[in-house]
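Q: Here's a structure for you.
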Amino acid sequence: MKQYIKLIKKIIRVGNQKKDRTGTGTLSIFGYNMKFDLKKGFPLLTTKKCHIASIIYELLWFLKGDTNISYLNENKISIWNNWANESGDVGPIYGKQWRNWSTPEGHEIDQIKNVLIQLKKNPDSRRMLVSSWNVGDIDKMRLPPCHVLFQFYVFNNTLSCQLYQRSCDVFLGLPFNIASYSILIHMIAQQCDLKVGDFLWTGGDVHLYNNHIELAKKQILRIPRTLPKLTILKKPQSLFQYCFEDFKIIGYHPYPAIKGEISI
């Protein structure tokens, strides 16, 4: 993924040194775009090994509408443990907003299901968006959403998606985000009998934490390898019935992992 390496190099070259909520400090740029053609391979980072199980289980967790980490922990995924309360809840984050957005009238809106309906009945719609940024719920969230809004687009029976990410931890978070939304595009395309197109990513505050800069410099010395391919082994009756075993990553040959500390 040469685009990812190019982004790291730009942050190191022209980034602004900023303070942040965690106290770690960041090297930051504002506004950045990348585009991945999913027909040319699955954009899973090869310059360091990514934990595929965490990416897939987290996405399935979001799609369940779940906001308790028990499902993740049962599957040996700990990426949300630092933000959960004593009962394992992380507040009304992604899953809640995607599947059960609360209205002032007391109703709940399933944004994902609504998008699926539009994709099948009116694929030219410009209203196929999902938002995680529910202003009325922000103070109840243990960690407000970083990837906040995504929109689908269909042309020539091909599905594309654009994501806006307000805050992006480039070293630890971004590789997960790119892979996760690319998997989601594959899943929805399969459910709607569409081909996969492009994943477009837009970042707002795009940053390297100060304690990741030297790790990132090590990573950019590695030459990106051929992207793997994602295969979905079966087609469930519903988007919400996929399980971890349905996904197979073929030809993933990354460099060794580079571990970095997470800023909380």
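Yeah, the Cβs are placed from backbone N, Cα and C, and that goes for glycine too.
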Q: Among ASN134, ASN177, which residue does Swiss-Prot annotate as binding dUMP at the site that also has ARG21, ARG126, ARG127, ARG166, SER167, CYS168, ASP169, HIS207, LEU208, TYR209?
A: ASN177
Q: Which ones are near ARG21 (dUMP binding site): of the recorded positions HIS51, CYS146, SER263, which have a Cα within 10 Å?
A: SER263
Q: Compute the C-alpha separation of HIS207 (dUMP binding site) from SER263 ((6R)-5,10-methylene-5,6,7,8-tetrahydrofolate binding site), stating it in Å without decimals.
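A: The Cα atom of HIS207 (dUMP binding site) is 12 Å away from the Cα atom of SER263 ((6R)-5,10-methylene-5,6,7,8-tetrahydrofolate binding site).
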Q: Can you name the residues of this chain that are 6 or more positions from HIS51 ((6R)-5,10-methylene-5,6,7,8-tetrahydrofolate binding site) yet have a C-beta less than 8 Å from its C-beta?
A: ALA257
Q: Compute the C-alpha separation of CYS146 (active site, nucleophile) from ARG127 (dUMP binding site), stating it in Å without decimals.
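A: Between the Cα atoms of CYS146 (active site, nucleophile) and ARG127 (dUMP binding site), the distance comes to 21 Å.
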Q: Quick check on the binding-site residues ARG21, ARG127, HIS207: which one has the highest count of other Cβ atoms within 10 Å of its Cβ?
A: HIS207
